[in-house]
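K.L.:
Annotated domain 'Glycosyltransferase RgtA/B/C/D-like' per TrEMBL: 80-234, in sequence order. Marked as transmembrane segment by TrEMBL: 78-96, 103-120, 126-143, 179-208, 220-237, 274-291, 303-321, 327-345, 357-376.
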Amino acid sequence: MSSPERTASAIALASILLMLAAQAVVYRPSEPFYNNDENRHVMTGVFFRDVLSDLPIAHPRDYAIRYYLQYPALGVPLWPPLFYFVEGVFMTLFGTSTLVSKAVVLGFACVACLYLFFLARRTHGAEVAALAVPLLAFGPLFFEFSHQVMLEIPTLALGLGATYHFVRFLDLQRRSDLFAAAILSALAALTRFSAVYLLPVFLFLVIVRRQWAIFRRRDAYLAAGLAILLVAPYYAVTATELGWIYGKLVGGTNVGVTGPPFSLSGLLFYPSQIPGQIGWFAFLPFAVGFVHAMTPPQRWRSLPYLTLAGVIYLVFTPMGIRESRYAIYWVPSLAVFAADGIHFLSGRLRPGRLRAYAYGALGAFVVLGTAAVSMAKPVSFVRGYEAGARYVVEHTRTSRCCLFDGGLNGNFIYQMRRLDPGRKLWVLRGDKLLYSVLLYAQVGYASTPKNDEDMLATIYQYDPELIIVEEPQTFGRIEAAARFRALLARHPERFRLETTIPVETNDKGFGNLELKIYRNLIRNPKPSAELEVEMLALRRTIRTNLSPGEKNRK
C-alpha cells in the first residue's frame with residue numbers, strides 16, 4: 001500500500017471513530033419509540049434472545065404464538081428476521097438494554113462507511129474515498145439513523161457490501177466476489193424488503209458494461225441460486241400471510257405522508273430531499289460532482305453511483321410514500337458525488353501543494369459544517385414507560401396479566417419483558433381485545449366488542465389487576481379507545497385510578513402525555529384459561545393457554 005493510500009485509510013478510520021464519538025456526544029437516554037417501529041425492533045431482538053436461550057425445537061410455532069400473545073409487539077413477519085437474530089445474539093451476551101440494539105446499529109454504520117471507502121477507492125481513488133467517508137458518516141440522514149434502532153442502516157451496510165463485491169467481480173472476475181455479492185444481497189433482503197433494489201442495480205451494471213459472459217457462467221447461477229435459497233422461504237411465508245397488506249401499502253395510499261406518485265410533487269419529492277439528506281454544506285459540492293459524473297470522461301467510473309441513485313428513484317417514487325428515509329440507500333452515492341465535486345473544484349488549481357491544501361481545506365470546511373448541523377439537531381427522547389412498567393411489576397399481587405391501551409404499546413411491552421426476567425406477567429393490548437387496528441386505522445379497523453358491557457365483560461374474563469392507558473391518545477383519535485377511557489373514568493367503583501406517571505419527552509407529537517394506571521376492583525375468581533386474539537393482519541384468530549407464573553414453554 002502506497003503512502004497516499006495509507007493516509008487515506010487513516011483518514012477514513014479516523015472519520016469512523018469521530019462519528020462514534022459524535023454519536024456519544026449527542027446521545028440522550030431514551031426509551032425506544034422512534035416512528036413507533038423502534039420499540040418493535042428492540043422487542044423482537046429480545047424475542048430472538050429468548051429463542052436462543054429456550055431453543056424451542058419441538059414446537060417452534062406454538063412457542064412463537066404463545067410468546068407473541070404474552071408480549072404482543074413483535075416485528076416478524078412484518079419485517080425480515082436477520083437484524084433481530086443479530087440483535088438476539090448480542091443481547092444474549094450483553095443483556096436486553098436498548099443500548100445493545102443501538103450498538104448493533106452503530107456497528108452496521110461502521111461497516112457501511114468501510115464498504116463505501118473500499119468502493120470509492122476502487123472507482124475514484126484514495127483521496128475521494130477518504131473524503132466520502134466523513135461526508136456519509138456525518139450526513140444528516142445517515143447520522144440520525146445511526147442512533148435509531150431502525151432497519152435502514154443495517155440494510156444500507158449490507159447493500160453497499162453487495163454492490164462493492166459485485167463491482168469488483170465485474171472488474172476482476174473473481175468467484176469469491178460473486179458469491180460475496182450474492183450472500184450479502186440475500187442478507188440485505190433478509191433485513192428489510194426494500195433491499196430488492198439490488199437486483200435491478202446488478203442487472204443494469206451488467207447490461208451497461210456489456211458483460212454478457214456472466215450469463216454463461218455456471219458459478220453465476222450457483223450464486224444466484226444460493227441467494228434465492230436463503231431468501232425464498234421467508235419471502236414465501238410473508239407473501240402468503242401478509243402479501244395483501246403490502247398490496248395496500250404499495251402506492252402510498254395508507255401510510256405516512258403520501259400523495260399521487262406521478263404528480264409533479266411526487267416526481268420531485270425524493271430529489272427535493274437531497275439537501276436534507278446530505279446537508280446544505282455538501283449540497284453545492286454534490287451538485288458539482290453530479291454534473292461532473294455525467295460528463296463522458298467520468299461517466300464510466302461513476303456508473304455504480306449513478307446506477308444506485310437512478311434505481312432508488314425508479315423503485316421508490318412509484319410507491320408514493322413520501323418519507324426521506326426510503327431513499328437512504330442513495331446517500332452513499334451523494335457522498336461520493338460531493339467528495340468528487342470538492343476534488344474537481346480544488347483540481348482547477350495547478351498541481352502541487354496548493355491544490356492539496358485547497359482540497360484538504362475545502363473538504364474540512366464541508367465536513368465540519370455538515371457535522372455541526374447534524375450534531376446540532378436535537379435527539380428526540382421519550383421516558384416514562386419504564387416507570388409505568390416497573391410500577392405494574394411491583395404492584396401486581398394476584399393477577400397473571402395487565403391490560404395496556406395506547407399507541408406506544410411496544411415500548412411498554414418491551415419494558416415489561418425487561419423488568420420481568422422470569423416472564424411471569426402477560427401484557428394484554430386494548431387494541432387487540434377491545435377493538436382491533438391493523439397498522440393504521442385507514443388500512444384496517446374493527447371494533448370488536450359492540451358496547452360498554454362487552455368491554456366490561458372482556459376485562460372480567462381475563463381479569464387484569466392493573467389497567468394502563470395513555471392520555472391523551474397518540475397517533476390520532478380512535479373512537480373505541482376514547483370510549484374505553486371514558487368507561488374507566490365513569491366507573492370508579494370498578495376501576496380506581498391508582499397513579500399517574502408523566503411521560504418526559506421533547507417530541508412535540510407526544511406533548512402532555514401521561515400514563516394512567518387503574519386498579520381493577522371487581523375481580524374474577526376463575527379468569528379465562530385461554531387467551532384468544534383476532535389478528536387482522538393474518539385474517540384469523542390465534543389462541544394459547546394462559547398459565548399463571550409459567551415461563552414461555554419450549
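Residue numbers in this text run from 1 along the chain shown.
Note that Cβ sites are derived from N, Cα and C of the backbone, with glycine treated the same way.
Help me see these features in their spatial surroundings.
P.N.:
Sequence-distant contacts of the transmembrane segment (126-143) (same chain, at least 6 residues past either end, Cβ-Cβ under 8 Å): 4-5, 7-9, 11-12, 15-16, 18-19, 22-23, 109, 112-113, 116-120, 153, 156, 276-279, 282, 324-325, 328, 331-332, 334-336, 338-340, 342-343, 359, 363, 366-367, 370-371, 373-375, 377.
Under 8 Å from some Cβ of the transmembrane segment (274-291) lie the Cβ atoms of residues 135, 138-141, 324, 327-328, 331, 334-345, 362, 365-366, 369-370, 373-374, all in the same chain and six or more residues away from its ends.
Tertiary neighbourhood of the transmembrane segment (303-321): same-chain residues 119, 123, 163, 167, 194, 196-197, 200-201, 204-205, 208-209, 249-253, 255-256, 258-262, 266-267, 269-271, 293-294, 327, 329-330, 332-334, 336-337, selected by CB-CB distance under 8 Å and a gap of 6+ residues from either end.
If you look at the transmembrane segment (357-376), the same-chain residues 6 or more away from its ends with a CB under 8 A from one of its CBs are 15, 22, 25-26, 127, 131, 134-135, 138-140, 143-144, 278-282, 285, 338-339, 342-343, 345-347, 349.
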K.L.:
Between the transmembrane segment (327-345) and the transmembrane segment (103-120), are there at least three Cβ pairs closer than 8 Å, leaving out pairs fewer than 6 positions apart?
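P.N.:
Checked: the transmembrane segment (327-345) vs the transmembrane segment (103-120), in contact.
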K.L.:
Cβ under 8 Å, sequence separation of at least 6 from the ends of the transmembrane segment (78-96): give me the contacting residues as numbers and ranges.
P.N.:
41-42, 44-53, 103-104, 151, 154, 187, 189-193, 234, 238, 242, 245, 417-418, 537
K.L.:
In the same chain, which residue numbers or ranges, 6 or more beyond the ends of the transmembrane segment (220-237), come under 8 angstroms Cβ to Cβ?
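P.N.:
Same-chain residues near the transmembrane segment (220-237) but 6 or more away: 77, 80-81, 178-179, 181-183, 185-187, 189-190, 214.
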